[in-house]
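To start, the structure under review is shown below, and the notes come after it.
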Amino acid sequence: MSSVQTLVVKIGTSSLTGTSTGQFALSTLAALVETLCTLRQQGHQVVLVSSGAVGIGCRRLNLAERPKTLAMKQAVAAVGQGRLMRIYDDLFSALNQPIAQVLLTRSDLAQRSRYVNSYRTFRQLLQMGVIPIVNENDTVAVEELKFGDNDTLSALVASLIGAQWLFLLTDIDRLYSADPRSNPEAQPIIAIDRLADIQALKAVAGGQGSAWGTGGMLTKLEAAQIATTAGVRTVITDGRQPQNVIKAIAGEAVGTQFAPSPRPSRARKRWIAAGLAPSGRLYLDQGATLAILQGGKSLLAAGITRLEGDFEAQDAVLICAASGEDIARGIINYSARDLSQILGRRSEDIPAILGYAGADTVIHRDNLVIATDTEADEGIDLQD
Ligand SMILES: Nc1ncnc2c1ncn2[C@@H]1O[C@H](COP(=O)(O)OP(=O)(O)O)[C@@H](O)[C@H]1O
Ligand SMILES: N[C@@H](CCC(=O)OP(=O)(O)O)C(=O)O
């Protein structure tokens, strides 16, 4: 591993604000800023993903609880985001560190051209020594185009920029075998080396986050799954001790550490696997299931038995095996309307049925990401 690392550090609402007051946890923020500036001085490239817009907006507007309606949440986030950036700018400016605000919605990573453009912007900012501060663009994100939580967002950003490390800073020192708030017997988990173990732990993660956070540990495990699959070492650790980031990079066993996949998927396949929200599902017959799972083939209309969803050409879809389980994702060459006419038909018949010469394949193998059975021992992994 080169000595200069790229790191994504995500801090949750629970660490940014005092649990009872909802006020800024200033000492935590100052320690975080100092840590990130130290990392910059050591030559590392740093991206901060910061939650808090909604929580801080609530405080500013004297709201007693998190907003329930989407419009209210979006309005409150617009109030809080400005205040959040102001605090960061004051603290980072005290240490002469330039920062940038990057607000993303899922469509920024779902559309290939915007994904590539986002990558170039991050790369440019990092080359200039700036620390980008990322949040979901809550004020404009609509339900179907939301990341939903910043744990997922930070994992997708880490994958996008090819980071070596993702730190999920939260209000607890590490992951436990059960939620320690409700289960005093819960055992600490120090290291997770296999994707299958993440899958198993999802079953024991408490669903609810703290009063002001969203997602709890489940979204952190999902983030760890996305990031480690992309080759990013992921650490869950205590946000009140941001110095843990420096300790982890130096090799100390702080928090819970998730080892990166030894065979990370390539950038384009990662984009298909994690960046895109599927808008439909295709059901395959036995022959097509084998052809794509074992033969590494493209998917043809002849092997599709049924479809669900109202997708357009170039949308992402899930692919379901004859046995009924989802086995892959891909970018489709036909809309649901056109595909419904050519299901089960041979490629050479397609032009006559549709009245135009479409693609030979329904999903080309370059646009197909398989959850391989050869890696069943490691849980879901994405094949290159
Ligand atoms: N298995 C578990 N191990 C550790 N913490 C858990 C677990 N399950 C649920 N939790 C809860 O998740 C909380 C952190 O999630 P959350 O409040 O969403 O944090 P953040 O705001 O940092 O994203 C912890 O306070 C803890 O009570
Ligand atoms: N974009 C939202 C963050 C939502 C979120 O994921 O919160 P958290 O679970 O505290 O990291 C905000 O700024 O309030």
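A Cβ is built for glycine as well, from the same backbone N, Cα and C atoms used for every other residue.
Listed in TrEMBL:
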- K10, T170, D171, T214, G215, G216, M217, L218, T219, K220: ATP binding site (BINDING)
- S51, D138, N150: substrate binding site (BINDING)
- 280-363: domain 'PUA' (DOMAIN)
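Ranked by Cα separation from S51 (substrate binding site), the binding-site residues K10, D171, M217, T219 are led by K10. Filtering K10, D138, D171, M217 by Cβ distance to ligand 1 (under 6 A) retains the following binding-site residues: D171, M217.
Spanning the listed substrate site, residues S51, D138, N150 have a farthest Cα to Cα distance of 11 Å.
For the binding-site residues given as S51, N150, T219, the lowest number of other CB atoms within 10 Å of the residue's CB is seen at T219. Residue pair N150 (substrate binding site) / K10 (ATP binding site) shows a Cα separation of 8 Å.
Taking Cβ-Cβ distances under 8 Å and a sequence separation of 6 or more, the neighbours of K10 (ATP binding site) in its chain are L48, V49, S50, S51, N150, D151, L153, S154, L166, F167, L168, L169, A223. Separating the Cα atoms of D138 (substrate binding site) and D171 (ATP binding site) is a whole-number distance of 23 Å. Note on the domain 'PUA' (280-363): DSSP counts are 26 helix, 22 strand, 36 coil.
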